[in-house]
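Novice: What follows is a single structure, and I will ask about it in a moment.
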Amino acid sequence: MGFIKVSSFLFVIFFLINGGSSTTFTVVNQCNYTVWPGLLSGAGTAPLSTTGFSLNSSESRVISIPASWSGRIWGAGGKPPATLAEFTLNGASNLDFFDISLVDGYNIPVTIVPHGGAAGVGKCIAAGCAADLNVVCPPQLKLTMEDAAGVAVACKSACEAFGTPEFCCSGAFGTPDTCKASEYAGFFKKACPKAYSYAYDDGTSTFTCSGADYVNTFCP
């Protein structure tokens with residue numbers, strides 16, 4: 001598929017008139033810099049037509065997604081951590097499950113907006129993290145550039161930063177009862193209440209739709 005430049009208004013009109021039986025993902029870059037979206041299919045899931053591409057500022061790309069696909073999308077300029085858009089399509093009760101996850105950290109703002117679907121058991125509404133967390137990232141979590149002292153290019157998760165079971169929800173802390181939100185998870189949740197802040201943050205972070213297409217926007 002080719003790249004197209006669209007304004008927000010024209011993009012919505014295009015999306016609403018775009019038909020088709022398969023699920024459509026539209027990946028949009030509203031950042032003022034180039035983003036390299038990556039796409040990873042889950043185990044046992046049909047592969048997509050692409051595993052990654054480049055999007056200049058104001059560009060978008062439309063991707064046809066096979067039925068019952070699961071996987072994740074992220075925008076990368078290099079190394080992790082990365083904000084993740086996660087999907088399980090046509091899952092339990094024939095619902096699509098989707099979320100934005102900061103469990104592995106954050107690099108750029110991302111949102112998922114469903115279009116054309118019916119509400120299921122849960123919420124058929126936008127999910128995401130539209131805030132720029134790099135400018136307010138706690139010092140212990142900052143990932144900085146070697147040639148730009150103190151400038152955060154990403155914000156690590158507490159698990160990545162410290163590697164301990166209580167932050168990674170592993171070992172003796174591997175259940176919802178034993179792994180609780182840390183102060184660092186609280187930082188992510190306060191800034192982005194519609195995104196996963198740690199592994200067991202399911203209640204306010206997972207969204208469901210039926211029969212929807214999805215717009216994934218970087219820097220909404």
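Placement of Cβ uses the backbone N, Cα and C atoms for every residue, glycine included.
Residues or ranges marked as disulfide bond in TrEMBL: C31-C219, C124-C209, C129-C192, C137-C155, C159-C168, C169-C179. Per TrEMBL, signal peptide is recorded for 1-22.
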Novice: Going by Cα-Cα distance, which of the disulfide-bonded residues (C137, C159, C168, C179, C192) sits nearest to C124 (disulfide bond)?
Specialist: C192
Novice: Where does C155 (disulfide bond) sit by DSSP, helix, strand or coil?
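Specialist: The residue in question, C155 (disulfide bond), is strand (DSSP, three-state).
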Novice: Out of C31, C137, C169, C192, C209, C219, give those disulfide-bonded residues positioned within 10 angstroms of C159 (disulfide bond), comparing C-alpha atoms, in sequence order.
Specialist: C169
Novice: Give me the CA-CA distance between C179 (disulfide bond) and C155 (disulfide bond), in Å, as a whole number.
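Specialist: Distance (Cα to Cα, whole Å): 21 Å.
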Novice: Measuring Cα to Cα, how many angstrom lie between C209 (disulfide bond) and C219 (disulfide bond)?
Specialist: 23
Novice: Please name which of the disulfide-bonded residues listed here, C129, C137, C155, C168, C192, is nearest in space to C31 (disulfide bond), Cα against Cα.
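Specialist: It is C129, whose Cα lies nearest.
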Novice: If you measure C-alpha to C-alpha, which of C137, C155, C168, C169 (disulfide-bonded residues) come within 10 angstroms of C129 (disulfide bond)?
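Specialist: Near C129 (disulfide bond) by Cα: none of them.
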Novice: Neighbour count, 10 Å Cβ-Cβ cut-off, for C155 (disulfide bond): what number do you get?
Specialist: 27
Novice: I'd like to confirm something. Which of the disulfide-bonded residues, C168, C169, C192, C219, has a Cα closest to the Cα of C155 (disulfide bond)?
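Specialist: Given the candidates C168, C169, C192, C219, the nearest one is C192.
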Novice: Measuring Cα to Cα, how many Å separate C192 (disulfide bond) from C137 (disulfide bond)?
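Specialist: Cα-Cα, rounded: 13 Å.
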Novice: For C137 (disulfide bond), what residues in its own chain, 6 or more apart in sequence, show a Cβ-Cβ distance under 8 Å?
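Specialist: When sequence neighbours closer than 6 are ignored, C137 (disulfide bond) has Y106, A152, C155 within Cβ distance under 8 Å.
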